[in-house]
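Colleague: Structure incoming, see below.
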């Protein structure tokens with residue numbers, strides 16, 4: 001059996017799909033379906049069972065027998081960068097991850113988990129090194145601290161531990177994320193609602209490392225299949241502008257022109273104007289597949305979003 005926590009979320013459900021595509025269906029999805037809309041991410045997927053995240057971790061702590069486990073993909077977390085309840089975030093992201101990690105280590109189960117580019121904060125160099133890490137919010141700190149915890153364990157671990165620092169992920173199965181969904185998702189919605197697509201003023205100068213979620217799932221499966229341990233950036237290594245995203249959405253729809261709105265005061269000084277993964281360590285580990293450009297990935301995403309039932 002394979003366990004995917006956060007399996008009803010965006011990245012988790014895409015990992016389940018990638019596993020299905022390779023013939024794996026004995027999958028336990030762990031999530032919190034308090035937001036019931038997330039169920040739609042699982043409708044077309046084949047899984048064996050579902051567990052609530054609280055029931056699951058209680059079983060982990062109690063040492064329950066989950067049978068033979070081939071791997072754990074730990075994607076579940078509070079991913080809101082605007083959540084400031086530190087106790088909740090640290091319990092949910094840090095303590096939960098530690099309990100699950102030790103369960104896997106004791107049983108020599110491969111453990112692959114979601115870290116984040118939020119571990120870096122305001123920097124122009126995104127290298128997997130303590131020198132460049134300085135999270136700006138408690139979410140980023142929870143991910144940073146778990147990475148630090150893993151770094152101390154890695155030299156002595158007898159089974160795989162692999163963390164991925166996700167950059168700006170976009171693509172299918174993110175509709176439940178609301179305001180946290182990607183710019184491509186929101187621009188598509190605006191055009192379909194008959195509105196002009198909107199960007200912040202200066203968006204041609206805001207450049208992020210946008211990575212298609214299908215590529216993220218592929219990275220996860222490749223590292224699992226090859227048994228590689230470590231903490232790796234998961235981005236394309238090529239920053240592109242928000243304007244490029246908008247251009248790709250408009251090109252797909254063949255209508256609409258971008259309207260520019262003032263940059264909000266509340267984001268000034270708290271907004272990463274630039275992110276770009278250093279992929280040196282990812283490539284050195286042996287992952288050599290190309291990543292989709294914004295033009296390629298957004299088109300594929302638009303085709304999925306606007307598919308006819």
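Just so you know, glycine gets a Cβ as well, placed from its N, Cα and C.
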Colleague: If Swiss-Prot says 168, 186, 200, 201, 202, 203, 208, 271 bind substrate, which of 179, 194, 286 does it name for the same site?
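Modeller: Substrate site check in Swiss-Prot: besides 168, 186, 200, 201, 202, 203, 208, 271, the record includes 179 out of 179, 194, 286.
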Colleague: Please state whether DSSP places residue 177 (NADP(+) binding site) in a helix, a strand or coil.
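Modeller: Residue 177 (NADP(+) binding site) sits in a helix per DSSP.
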Colleague: Give the distance between the Cα atoms of residue 186 (substrate binding site) and residue 10 (NADP(+) binding site), rounded to the nearest whole Å.
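Modeller: About 15 Å separates the two Cα atoms.
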Colleague: Within 10 Å of residue 139 (active site, proton acceptor) (Cα to Cα), which of the binding-site residues 31, 38, 77, 168, 177, 271 do you find?
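Modeller: Qualifying among 31, 38, 77, 168, 177, 271: 77.
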Colleague: Out of 10, 31, 38, 77, point to the one nearest residue 168 (substrate binding site) in space (Cα versus Cα); all of them are binding-site residues in the record.
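Modeller: Comparing Cα positions, the closest of these binding-site residues turns out to be 10.
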Colleague: Write out the long-range same-chain contacts of residue 201 (substrate binding site), meaning residues 6 or more apart in sequence whose Cβ is under 8 Å from its Cβ.
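Modeller: Set apart from residue 201 (substrate binding site) by at least 6 residues yet with Cβ under 8 Å, we have 260, 261, 262, 263.
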Colleague: Can you check which residue among the binding-site residues 38, 143, 177, 186 has the largest number of Cβ atoms within 10 Å of its own?
Modeller: 143
